[in-house]
Amino acid sequence: MDVTRLLLATLLVFLCFFTVYSHLPPEEKLRDDRSLRSNSSVNLLDFPSVSIVALNKKSKQISRKEAEKKRSSKKEASMKKVAQPRTPLSAPCVATRYSCKPPAPACCDPCASCQCRFFRSACSCRVLRLNC
């Protein structure tokens with residue numbers, strides 16, 4: 001009984017090893033230098049050369065200034081987006097969290113939208129954007 005269990009355990013270990021080894025991509029399989037040299041399909045001359053350029057202090061300062069300008073312009077753009085005028089409210093409208101099935105009028109809150117679920121059987125006005 002112990003011999004059969006030992007054989008089954010050995011077989012299981014070999015199957016696990018074979019499964020893992022067979023699923024490795026070709027790049028990860030172990031190879032020696034001879035096979036890499038002879039079977040290499042990728043030629044190192046095909047890749048473009050890399051040139052390293054040292055930056056001087058002026059170029060670093062210019063890039064910092066440009067980065068600061070971009071940051072300030074992004075902040076100004078975000079401030080402009082916040083100050084959008086709100087649309088005037090229409091008289092017949094649906095309050096937030098109430099039913100707004102398609103024959104009903106639009107939601108009262110300009111930041112809210114009508115959200116339907118269960119094949120448009122349950123619809124309600126919900127605020128989806130917090131910073132509207």
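The backbone N, Cα and C atoms fix where each Cβ goes, and this holds for glycine too.
The cysteine that Swiss-Prot pairs with Cys107 in a disulfide, picked from Cys116, Cys123, Cys125, is Cys125. Under DSSP, residues within the domain 'Agouti' (93-132) fall into helix, strand and coil as 0 helix, 15 strand, 25 coil. For the disulfide-bonded residues Cys93, Cys100, Cys111, Cys123, Cys125, the greatest number of Cβ atoms within 10 Å around a candidate Cβ is found at Cys100. Taking only the Cα positions, the spacing between Cys100 (disulfide bond) and Cys111 (disulfide bond) is 15 angstrom.
Here the C-alpha separation of Cys93 (disulfide bond) and Cys132 (disulfide bond) works out to 19 Å.
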